[in-house]
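Record features (Swiss-Prot):
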type	residues	note
DOMAIN	5-267	domain 'Pyruvate carboxyltransferase'
BINDING	D14, H202, H204, N238	Mn(2+) binding site
REGION	392-515	region 'Regulatory domain'
Amino acid sequence: MNDQVIIFDTTLRDGEQALSASLTVKEKLQIAYALERLGVDVIEAGFPISSPGDFESVQTIAKHIKNSRVCALSRAVAKDIDAAAEALKVADQFRIHTFLATSTIHVQDKLRRSYDDVLEMAVNAVKHARNYTDDVEFSCEDAGRTPIDNLCRMVEAAIDAGASTINIPDTVGYTVPSEFGGIIQTLFNRVPNIDKAIISVHCHDDLGMSVANSIAAVQAGARQIEGTINGIGERAGNCSLEEIAMIIKTRQELLGVSTGIKHEEIHRTSKLVSQLCNMPIQSNKAVVGANAFSHSSGIHQDGMLKNKNTYEIMTPESIGLKNQALNLTSRSGRAAVKSHMDSMGYKEDEYNLDALYADFLKLADRKGQVFDYDLEALMHFSNLREEDDFYKLNYLSVQSGSVMATTSIKMQCGDAEMCEAAVGNGPVDALYQCIYRVTGYEIVLDKFDLTAKGEGEDGLGQADIIANYKGRKYHGTGVSTDIVEASGQALLHVINSIHRADTIAEMKQKKIATV
């Protein structure tokens, strides 16, 4: 049996169905290019009959994508298939994907036909699609709940009609891995012409089983997996293709199969899809979550410093990420703190590790995560406290109109108090202009997030920012019942960290000058 698993991406079709707003044609093409770079074999670009916009998207992608096969979905209806073919005809290589429900509940309650009628519809659809291309995929919708005898009949008939790929969807995410793998195995055992088609699976995540079910299907003989980037899709989503790719790569000795995925493109593709679809990635999501390669436990960090394989079964670099530093939290040990000091170039005789670690724990208990610039400040200034910040916001007033906003502030700058006012595109922008003028710092914001803490009118808002200043990243957080004030606190958190770093740099320079 062929050991190459075909990766079929349906982010632009099934994945887009989960979005509150449709992607533009330009955005879909961006994602299609990313999928092509990733090495996806088949890109399902849309459902042409559903709308003029979808037709245009499929046609545009079909025209521009050269290294992946472009596919379009159609119901088992001649006009749908005709529309798919019309949209796809500009492609170098294309596939028509037609589908029909096969489960008892769908046949009786949705289609309201006999199973023999449904069988005939499927055969006619496949034959009609074959008039346009030899690459025809037929899907048995809700196959996971279809009586096995009926499913075997449908698969055999569709292959006889000319389908080159047979897709077995667990449409409502109902099955468990042993059960779904058993369905695939039964098809291989009982369908006489099964060797004339590739068996594909399309699993949904309603019970959190989509990836496991897909892997079970591969072990039973399936050689195409359908899914989406980041697992986006209707209801609980689809099978996550980045997880599939890394499972097959990481456990290749067990599974005995491979894919054509360029794994180093995974992170880049995942981030693009998240941004364009406005769907944040869960921090603890496998493979691409922000915490996927983070280690905060002291025991884990000690193991990682001795041998990364103790707690990492795959590397950040394998998905296109730079090597991730150990997160410093109150659970981190001395070894992790020393490792960070070493990475910044400090020698052991330049600081007292025990004293630094004691101060580090106090700071970590207050702020959660500690960064390299915090450690450096602790080394020079010992016990850091918020009341020691050079810049503080004493007063804030905001006036917002329909177009622009005006903000007035009073700030403590060491021993002096300064006033400033500014107009901006919204109250936060105006506040930031004030702070930049007072402090003299103007930084580049890489990330700005606002989240609610609690409910109701007295709930807190939290602002989190990541800023770039002279090539170094700084993190800031602010919490207040007023989101504008919280945003200001977050920026001042960053600017005070930068001010301390600049002070340390000056101290180092003076030390060098006196040597």
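Residue numbers in this text run from 1 along the chain shown.
Backbone N, Cα and C define each Cβ position, glycine as well.
Shown on the structure are the features that Swiss-Prot records.
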residue : record              : DSSP class
D14     : Mn(2+) binding site : helix
H202    : Mn(2+) binding site : strand
N238    : Mn(2+) binding site : strand
Going by a 10 angstroms cut-off between Cβ atoms, which of the binding-site residues H202, H204 has the sparsest surroundings? H204
Chain-mates of D14, H202, H204, N238 with C-beta within 8 Å of site centroid, Mn(2+): T10, P169, T171, C203, D205, S210, E226, G227, T228, G233, E234, G237, C239
Show which residues of the chain containing D14 (Mn(2+) binding site), separated from it by at least 6 in sequence, have their CB under 8 Å from its CB. E44, T228, G233, E234, N238
DSSP assigns the residues of the region 'Regulatory domain' (392-515) as 45 helix, 56 strand, 23 coil
Limited to the region 'Regulatory domain' (392-515), I'd like the whole-number average of pLDDT. 85
